[in-house]
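Reviewing the structure listed below.
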Amino acid sequence: MIFLTLEHILTHISFSVVSIVIIIHFLTLLVNEFVGLYDSSEKGMLTTFFCLTGLLITRWIYSGHLPISDLYESLIFLSWIFSIIHMVPYFKKHKNYLSTITAPSTFFTQGFATWGLLTDMHQSKILVPALQSQWLIMHVSMMVSGYAALLCGSLLSAALLVITFRKVIRIVGKNNNLLNDSFPVDEIQYMMEKKSIFKNTFFPSSRNYYRFQLIQQLDHWGFRILSIGFLFLTIGILSGAVWANEAWGSYWNWDPKETWAFITWTIFAIYFHTRTNKNLEGLNSAIVASIGFLIIWICYFGVNLLGIGLHSYGSFTLISN
């Protein structure tokens, strides 16, 4: 009873604090002068991390296993990983470009786990025989950690695309006005002028310097986080294959979860291929990573709606009986 009460308290404290952090982020976006509020938001995320850590430890103690065996527990674990990713640039004294992604991710993930799922799903249950293995911690923790890192990296790539295409639209609009006012509608002149404007835009002039730096940082951090996430995902898939062979006598069974995990791995393998190809890097790799964001959610969450396959123990019902 004490553990359940403590878990309840930690859950509400962590969600309340991260909600305040989100409000602070909105305020700092509107008013840049609130530097003190930004520092408070970082301390708030640190508080959220400790509350989620205490929540996971408490649940581990009274359940007897690492709390990653069902959808509710994995969502809390996912929120915890988001909070860790959030604090890495903070402790390294880098400008935290991740904060606008990791803080809302923590908020929405924990919010859905706490308020979006049925109350019965919050209760800790005895592990089914298939999960009573030493491979549980390795496989599930690596997969969820990989999902968290890949989601953050994908959102950074999506942000890069938004900033870049907004700039392209502005340039093209400027170019069209220039053509209408100064030149006849001639295709050759249009292409020459368009090429010239694009070339000048990517120079870090005084007007575009901040945006240029932001794009470079988004690309840099996105690549680093996606690299870590891809490594975790690979380890998770390999450890899962070994576990499957021990439990079911086959390394791979092509059930929905395994199939979408393979699709996810393939998408991000394509991303890293485009990064090594000078003709495809930049926007092309960012587009691939952005597609990967949707694929991850289908793999992690969407497949659970089916409730079929060897991973059906992680599924849930939408309507309570």
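Our numbering is plain: 1 for the first residue shown, then up by one each step along the chain.
Each Cβ is built from the backbone N, Cα and C atoms, and glycine gets one as well.
Per Swiss-Prot, transmembrane segment is recorded for 17-37 (among others), and the stated evidence type is sequence analysis.
A Cβ distance under 8 Å defines the sequence-distant neighbours of the transmembrane segment (48-68), meaning residues of its chain 6+ beyond its ends; these are 3-4, 6-7, 10-11, 13-14, 17-18, 21, 74, 76-77, 79-80, 83-84, 86-87, 106, 110, 124, 127, 131, 136-137, 140-141, 144. Sequence annotations record features per position, and here Swiss-Prot assigns transmembrane segment to 48-68 (among others) based on sequence analysis.
According to Swiss-Prot, the feature transmembrane segment maps to 71-91 (among others). Long-range contacts of the transmembrane segment (71-91) within the same chain: residues 42, 45-46, 48-49, 52-53, 55-56, 59, 97-99, 102-103, 105-106, 109-110, 112-113, 117, 121-122, 124, 140-141, 144-145, 147-149, 152, 221, 225, 304, 314-316, each at least 6 residues beyond the stretch ends and with a Cβ under 8 Å from a Cβ of the stretch.
With a threshold of 8 Å between CB atoms, the same-chain residues lying at least 6 positions outside the transmembrane segment (98-118) that come near it are 11, 14-15, 18-19, 21-22, 25, 29, 41-42, 45, 48, 52, 71-72, 75-76, 78-79, 82-83, 85-86, 88-89, 148, 151-152, 155-156, 159, 221, 225, 316-317, 320. What Swiss-Prot lists as transmembrane segment is 98-118 (among others), and the listing cites sequence analysis.
Annotation comment: Swiss-Prot describes 143-163 (among others) as transmembrane segment, evidence class sequence analysis.
Annotation comment: Swiss-Prot describes 225-245 (among others) as transmembrane segment.
Within the chain carrying the transmembrane segment (259-273), a Cβ under 8 angstroms from the stretch's Cβ atoms is held by residues 143, 150, 226-227, 229-230, 233-234, 237, 240, 280, 285, 288-289, 291-292, 295-296, 298-299, 302-303, all 6 or more beyond its ends. Look at Swiss-Prot and you will find 259-273 (among others) tagged as transmembrane segment.
Sequence-distant contacts of the transmembrane segment (286-306), counting only residues of its own chain at least 6 positions beyond either end whose CB sits under 8 Å from a CB of the stretch, comprise 71, 147, 150-151, 153-155, 157-158, 160-161, 164, 219, 222, 226, 256-257, 260-261, 263-264, 267-268, 270-271, 274, 312, 314-316, 318. Look at Swiss-Prot and you will find 286-306 (among others) tagged as transmembrane segment.
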